[in-house]
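Quick look at what TrEMBL lists:
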- 287-394: domain 'FAD-binding FR-type' (DOMAIN)
- 12-32: transmembrane segment (TRANSMEM)
- 52-71: transmembrane segment (TRANSMEM)
- 103-121: transmembrane segment (TRANSMEM)
- 167-189: transmembrane segment (TRANSMEM)
- 201-222: transmembrane segment (TRANSMEM)
Amino acid sequence: MACWILNEKLSVLLLLVWLGLNLYLFIDTFHWYEDEDAYVYTRIMLGSTLAWARASATCLNFNCMLILLPVSRNLISFLRGASACCGGAPRRQLDKNIAFHKVVAYGIAVNATIHIVAHLINIERYHNSQSKEAGGLQNKLSGLGKRPNESYLNPIRTYETNTTGEVLTTIAGVTGVMITVAFVLIVTSSTELIRRSCYEVFWYTHHLFVVFFIGLIIHGTGQLVRGQTPHSLLLHNITYCKEHYLEWEKATQCPLPQFSGNKPVAWKWVVSPVVLYICERIVRFWRFQQEVVITKVVTHSSGVLELHMKKHGFKMEAGQYIFLQCTSISPLEWHPFTLTSAPEEDFFSVHIRVAGDWTAALFKAFGAEEKTFKELWMLPRLVVDGPYGSATTDVFHYGVSVCIAAGIGVTPFASILKSIWYKSCNPNTVLVLQKATHIALHYDEKMDVITGLRQKTFYGRPNWDSEFKQLAENHPSNSIGVFFCGPKNLSKILQKMCSSYSTVDPRGVQFHYNEESF
C-alpha cells in the first residue's frame, strides 16, 4: 500500500484536495442556510431540506466548473508541454485526465441526487404549508403576497393546485428536468459496453452537454428559494416577531416581512471554463479547415488499415495521437488513433483496426474489401485534429524504459522504435542508447536473438514477477518507466507489479507506471 501511494502520490493528493473542497463547500453552505437570519421563515416551512438543497447546489456548481477542463485537449497538451521541466509526475497526472473527468461526473451525480430529492421534499412542504393543518405561522407565511406591496415566500399559491404541474410551469422546474434528462443520457451512454459497441451513441449523447450547461445557467433565474431582504431584517425583529406573528403590522417592531429570491450564481462558476472550452472548439474548427493529403493506403491482414497522410505545418513527437474524422461517414464523429510514423519521416501514419461501425465504414470507404485499387483522388476526405501528447511520449525521459504492448496497442511503440532507428542512422545525432530489445528490430534475423537457435522461439505469457524482479535487481537505484498500451486486465496486473516492486526508500528502485488507454 505504501508503495502504491508513493507511485500515485500526486493522484492521491489531487483526489483528497477535490474531496476536501467539496466537503468544505457543502458544510459551509449548509451552515449558512441553517443559521442565517434571512432564512428563518423559509426554514419554518421547509426545515433542514433547504440547507441540503442549497449545499448540494453549491457543490454541483463547483463540479460543473471542473467537468470541462479535463476534456479540453489543447489545454491538456499545453500543460503537458509546460510541465516538461517538472518531472514525470505532473505529466502522468495529466494523462489521467479522463479518469478525473469521470470522478467529477460521479460528484455531479451524487450532488444532483441530493439536490433533486431535497427539492422534491421542499415542494411537498411548500404545498402542505397551504393546508389548514399546517399551523398558524406557516399559514400566515403562505398567505403573504396576495395584497399589493407584499412579497410572497411560498411559490405554491394555493393548496388545491397540482404540485407536479405547478413545478413544471416554473423556470426552475423546466430547466431542472432538462438538466436531469441530459445528464442521465450522458452518463448511461458512457458505459464501456456502449462505448465499445456503439461509439456513435456515446459521441452524440455527450453533446447534450450543451443542453446541460444552458439549463444550468438558466436554472437559478426562477428564484424559487426565497429569503428575507436585508432591509426587512433591519425593521423586522425576527426573534420576537416569529413568536408573535398575530402582531404583524400592528406592532412597530413587526412590519410585514419582505422576501426576494436568490440571485442566480451558477453562471459565475461556469463562465470561465465554458469560454475556455469555446476557444478549444474554435482551435479544433481551425484545424478542421486545413487540408489533409492521403499519400498511401495499405491493407494488412487481420482487418488493419494503414493510412499515410500529409498536412501543412503538422509537427509530431513519437508516441502522440490524433483525432480523425471522415466527413463522408459522419460529419460530427471524431475517433482517436495513435501515430505509428516517426517524427523524422515526411508523412504521418495511423494503423486502424476494425472494431465498430465507424471503422468498418472507413474500411469500405477506402476500398479495403475490393480487389481493385482506388486512385488517391477517389478516396474520401479525412480531417485531422492534433497531434496530442500521451503517456508514451515520456519514454525518453527515463534512464530505463520498459515498453509493453498487446494487440493493436503496439502502435505507439512502433513510432518510438522507428524514431530510435532514424536517430541511430543519423551521424549528426548524439544518441546514447545502451540497449533496445524488441522483436521488431530483429524480425529479419536468421537466428533467434534470444536463444541463438535457427528455429525462432515464440514465447507465451511472460512471468511478470520474474521480469520485474530481474529489472529491480539490474537497476537497483533507478527510476524505471513502465509504458503499456493494451487491454485493461493486463494493465491492472502491470500496475500491481509496479507497486509491488517499487521501494518506499526514494534511493531504491521506483517503477513509474504509464498507461495509454486504447
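Cβ coordinates come from backbone N, Cα and C, glycine included.
Remote same-chain residues near the transmembrane segment (167-189) are listed as 105, 108-109, 112, 116, 119, 123, 155, 201-202, 205-206, 208-209, 211-212, 215-216, 218-222, 224 (criterion: CB distance under 8 Å, separation of at least six residues from the stretch ends). Confidence in the domain 'FAD-binding FR-type' (287-394), given as mean pLDDT, stands at 84. Helix, strand and coil residue tallies for the domain 'FAD-binding FR-type' (287-394), in that order: 18 helix, 41 strand, 49 coil [DSSP].
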